[in-house]
Amino acid sequence: MVFKVTVNGAWRATRTLWLLVLVSLSVCICVCRASSSREEDSAMENIVTEKKAEESHRQDSADLLIFILLLTLTILTIWLFKHRRFRFLHETGLAMIYGLLVGVVLRYGIHVPRDISNVTLSCHVNASPATLLVNVSGKFYEYTLKGEISANEVNDVQDNEMLRKVTFDPEVFFNILLPPIIFHAGYSLKRRHFFRNMGSILAYAFLGTVISCFIIGLLMYGCVMLMEQVGQLDGDFFFTDCLFFGAIVSATDPVTVLAIFNELQVDVDLYALLFGESVLNDAVAVVLSSSIVAYQPEGDNTHTFEVMALLKSFGIFLGVFSGSFALGVATGVVTALVTKFTKLRDFQLLETALFFLMSWSTFLLAEACGFTGVVAVLFCGITQAHYTFNNLSPESQDRTKQLFELLNFLAENFIFSYMGLTLFTFQNHIFNPMFIVGAFLAVFLGRAANIYPLSFLLNLGRRNKIRSNFQHMMMFAGLRGAMTFALSIRDTATYARQMMFSTTLLVVFFTVWICGGGTTQMLSCQRIRVGVDSDQDNSMSITDGSERRSTKQESAWLFRIWYNFDHNYLKPILTHSGPPLTATLPPCCGPLARFLTSPQAYENECQLKDDDSDLILTDGDINLTYGDITVSTDASGAHTSGGPAYAGATSDDLDRELTYGDNELVMRGTRLVLPMDDSEPPFTDPHHRLRM
């Protein structure tokens, strides 16, 4: 009996154990199946994500290919126009037309099937965060803000997404496309005619831009008040918005007109006035617009007039402009010192790379420090051309000039192509007929208030008057372009900014196509002389004493002081040219002068002291004061050397510096560096070499 009970108990225990094992196995199988199911789901999610990333990559490549093809087509058409001597339409206007055609095709010709099955329309939040974290079944997903979609566009999400793909971040324009354009403007500046008209250029660029800004702002504010009275204003539009619009459309970019001027060889003074104004007023417009944005009165209403806030904005304008100017010049000076005191010229690739990176970093450094990169990179380009260029090897000189010329061409045409594209791909256009008509009228009157009154005042003190036909041409040539577009597209978040951006596009289109296309006809109508050979003008100015005196008298007195200081001290410190510092600095600074003066400066001085060197020019007399000798030649070829010690640059040196640049005359193997080029960074031209 006892045995039977024991057997039954053992059987029950065994059965219970087997049941436990079976339950455990079932649980393990279920867990494994659930785990494998989750792994399969995760693997499927990874595959879907990879496919989406691959599709996005292909779409981005196709979008970039569109712009590359646009530029390629533009270049081929430009060649055809130049071959046929067709001047009515410039390459920038052509790029805009191609951009418009592609924009029409993308907007209306290519249709992506609508699919909003995966779009959640019931997620309500009180704000629009830049980044949104969404919890989906325990997994967090990050979403970034792409922009507002109106209620009637909710069902067109896929179409909007396609158009957004060809819409670039505005920072791309400021950080990538604008720097080479602005730097090239400063690097290719023609010094002779720029400095001869420096006072007038500064007046047009600074005072004229401010006048134009406030005239346009006041007129547009009146237009906005009228729109509000007739019920055509659907959002806030303050006086500061009108001033901001005045600042951005005051930036002129007569690239079309200047290209035609260069091709037709129009009067060099007119070219210098237009080019100098466009270069500097871009910088002024950028700083002015940022100062208007910084206008913040105290109190709840941030759009009322307050004197202290106005003075603060004016102080910001001066501080930002002067800080950007100093930063750009400092970067150029550092690059000049590095290229002078190192032997980078022995490694041309490294030398060019350093020059390129230092120049581009100026823009980013200024923006990172709270200044304006446009101003900084402009004056960096001028400084690099004046100092650093002389320290580069001949190969690097050619490379840097061609590199920035190429980048400027591609960036400018890319921006104009994108302008045409944006007219149809931008999602938040606001076209108001009253605002558009008012804008065109205000831009015209603002330009007139800039040119005619200032020209009248400037002519009171100028020996070489700005003639009325020049003034009419400058009025007509006030085109808007890349800078105006870049400033307007940088912020399109509000109703006012969206309306300003849409109107700005139309202003740019009109001025480039109509004003740019009518340049040749306007030149004929105003009877402005063309076919003026600047080289011939230079040779006349060196052979005719009265021309030399004319140039000397027209040169700004402030620049004369600057030239003497620059020629005696800055050029010897920053470059291999100029007189040795031992001849210009006081004797007590002898050790420092010997340290800063390059060996090439002493070699040049010794070469000039060589009495066996003959310089024979039959075009006229040249007197040269350099170091402690004077070399003079006349038409007969006689030369003398004398001994007045070097006391500073003479007015004839200034005249030759303005008339020429830095080319060389070669005499019996001796290289004599003379200022002989009025163009952008000087290059040795074999036509300017005279040998015995």
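Each residue, glycine too, has its Cβ placed from N, Cα and C.
In TrEMBL, the feature transmembrane segment is placed on 495-519, out of the ranges 470-494, 495-519. Between the transmembrane segment (93-110) and the stretches 358-382, 403-424, 495-519, the greatest number of Cβ pairs separated by less than 8 Å involves 403-424. The transmembrane segment (172-189) shares more Cβ pairs under 8 Å with 358-382 than with any other stretch in the list 64-81, 201-227, 358-382, 430-449, 495-519. Non-local neighbours of the transmembrane segment (358-382) in the same chain are 174-175, 178-180, 182-187, 189, 279-280, 282-283, 286-287, 290, 320-321, 323-325, 327-329, 331-332, 334-335, 338, 404, 483; each lies 6+ residues outside the stretch with a CB under 8 Å from one of its CB atoms.
Remote same-chain partners of the transmembrane segment (316-338), defined as residues 6 or more beyond its termini with a Cβ less than 8 Å from a stretch Cβ, comprise 283-284, 287-288, 290-291, 294, 344, 354-355, 358-359, 361-362, 365-366, 369-384, 386-388, 391, 574-575. Same-chain neighbours of the transmembrane segment (430-449): 211-213, 215-216, 219-220, 222-224, 226-227, 230, 232, 245-246, 249-250, 475, 478, 480, 495, 498-499, 502-503, 506-507, 510, counting only residues six or more beyond its ends whose CB sits under 8 Å from a CB of the stretch. Remote same-chain residues near the transmembrane segment (403-424) are listed as 67, 70-71, 74, 91-93, 95-104, 106-108, 166-168, 173, 176-178, 180-181, 183-185, 187-188, 255, 352, 356, 359, 481-482, 485-486, 489, 505, 508-509, 512 (criterion: CB distance under 8 Å, separation of at least six residues from the stretch ends).
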